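Peer 1: Input: one structure, supplied below.
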Amino acid sequence: MSWLDDLGDDDEPEFDEADVRVRPNPKANRPRTKRRPAHSDAEIARVLGVDRGRYTVLVDEDLPNEHTVLATRARELRKMPIVTGDRARVVGDTSGDEGTLARIVGIEERTSLLRRSADDTDQVERVIVANADQMLVVVAAADPEPRPRLVDRYLVAALDAGIRPLLVVTKTDLADPAEFLAHFDGLDLEVFTSGREEMPLQRIGAALVGHSTVFVGHSGVGKSTLVNALVPDARRATGHVNEVTGRGRHTSSSTVSLRYRGEGGNGWVIDTPGVRSFGLGHVDPANILRAFTDLAEIAEECPRGCTHLPDAPDCAIVEAVAEGRLGPGGAARLDSLQRLLETFAKKAQEPGA
Ligand SMILES: Nc1nc2c(ncn2[C@@H]2O[C@H](COP(=O)(O)OP(=O)(O)OP(=O)(O)O)[C@@H](O)[C@H]2O)c(=O)[nH]1
Ligand SMILES: [Mg+2]
């Protein structure tokens, strides 16, 4: 049985959270003493998926006895989000045997955190994945229609989180993506195109080796279809795009990590449910500029508080491009930077754009 079968199993007995209660600590600010060990027996496990308060975690990763364990969270963690990709500290029964339930007592420091802010269509800020170092933005050439602005929003979120973005255009059997792709000419973005009969699995696979890559994109663009092709035992459900609205139906409802095993090595693939919008309220625009290393260097000569937008007075980047100092690609790069900065600046006005 795969651990995926555990997700959505309604027959499990209700677990009483009181069972994992920890005693309140009246000396909360005192350093820990030997009498209250900080769960020194905890094992580090990778969170693969979360379903209604139950975490599927992988213990002894890459060791011969690697196995999945079902775990609940300790009360002492309160509302701290624990998400797919987190490295959790687990205690209790970590045998993974039928009917056992381990307990997450903490998480290790994260190397990255991808989240989206609350916006008009979703009032809750969501943490999507921890410790990913790549984001594969999936967009369809048609059905649903590609929306450059949604892709921009993903790119902004990735750059802000220090995650390297990649782009794949699916359904190239339905439409030619050239016009859409022209939007991204100025970015350092590895781009893949994929169609019903010609998925570039070798190329995408090569990009996954040694990385933790989160697949994001609007519902119905083909994220799970790609994941299934890349990870033979993934068995992710795939759905049909609603023909009337062109909108996907949100076939995937939870985020899961799956191991990619390629010729050149392994990696982690994280399939996420499609979203309609992507709030960027948490983003620091300085991080967007930082991702354009060549332009960021020039921006050091900009006046303080420079927006780098077309109407910015004395913007050093705008001047450098106008003088042709950045070569033929300079204008496209500046254009991309400005579009992303504008995407961020406009976030309040058009959250779903
Ligand atoms: N024509 C064509 N259809 C595709 C292609 N890739 C995926 N599809 C179809 O698009 C539909 C949606 O695919 P999914 O993989 O479920 O999309 P998803 O992005 O995982 O959607 P959510 O889980 O709802 O976010 C399915 O019917 C797929 O068969 C492609 O390259 N060409
Ligand atoms: Mg899906």
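Glycine is treated like the rest: Cβ placed from N, Cα and C.
According to TrEMBL, the protein has these features:
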- 1-17: compositional bias 'Acidic residues' (COMPBIAS)
- 1-40: region 'Disordered' (REGION)
- 121-278: domain 'CP-type G' (DOMAIN)
- 130-276: domain 'EngC GTPase' (DOMAIN)
Peer 1: Counting by DSSP secondary structure, give me helix, strand and coil numbers for the domain 'EngC GTPase' (130-276).
Peer 2: 37 helix, 40 strand, 70 coil
Peer 1: What average pLDDT does the predicted model assign to the domain 'EngC GTPase' (130-276)?
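Peer 2: Mean pLDDT, the domain 'EngC GTPase' (130-276): 89.
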